[in-house]
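Everything on this sheet refers to the single structure shown next.
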Amino acid sequence: MRLLNIVSSPRGARSASIAVARAFVDAYRQTGATIDVDTLNVWEEDLPDFDSGAIGAKYKGVANAPMDEAEQSIWRRIQSLVKRFQDADRIVVGVPMWNFGYPYKLKQLIDLVSQRNMLFTFDGNAYAPLLEIPRALVIHVRGQSREPGAGADNPGFRHQADYIEFWLRFIGVSEVRSLTVEHTWGARASDSIERAQARAVEMAAEF
């Protein structure tokens, strides 16, 4: 069993999303199956820029057209990242909320690996996923809550979760489970994170 653990917070030991994901992964290791954890930290990986060179390689790759040496180098790096998704049996993603969205490095990873004929297909009429991953867990972390009057009941607060969960289904994850962690700053942070870690342990048993 290969678990792809995507880390998108740069805060290390101070990160709520990393703390909750670690509790989940540690508990999942105790479920009896042999678990190989592949941790993909978007802040530590040497992610290539998705610039004109990468986009040029992308379109040549789709068209099976010859690439120059620089494009081949970028394309090999993209293929290496894609393979980590292709090899995964389960996915865990920790996503702190940044300005109602997600860390830009996570979006960079998504842009790099979301390649036609690698993670999805398109026949001119419809898209179809190429992965066959039974389930993923997304840990959504935000400092505010959806309590009445807190402001987080605005539909914009769903943007983060809707996008990440849609993308996972788009590439071939059958079931996307979510764990939302709120109040991750101030006096309530410690209790909120501990409750989320306890819930993560429970969820690991059925993952």
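Including glycine, each Cβ sits where the backbone N, Cα and C put it.
Here Swiss-Prot flags S9, S15, A16, S17, M97, W98, N99, F100 as FMN binding site, drawing on sequence analysis. Taking the Cβ of M97 (FMN binding site) as centre and 10 Å as the limit, one finds 23 other Cβ atoms among all the protein chains shown. A coil conformation is recorded for M97 (FMN binding site) in the three-state DSSP classification, outside any helix or strand.
Spanning the residues S9, S15, A16, S17, M97, W98, N99, F100 that the record associates with binding FMN, the maximal Cα-Cα distance equals 17 Å.
Neighbour counts were taken as the number of other C-beta atoms within 10 angstroms of each residue's C-beta; across the binding-site residues S9, S15, S17, N99, the minimum falls on N99. Within the same chain, residues at least 6 positions away in sequence whose Cβ sits under 8 Å from that of W98 (FMN binding site) are Y104.
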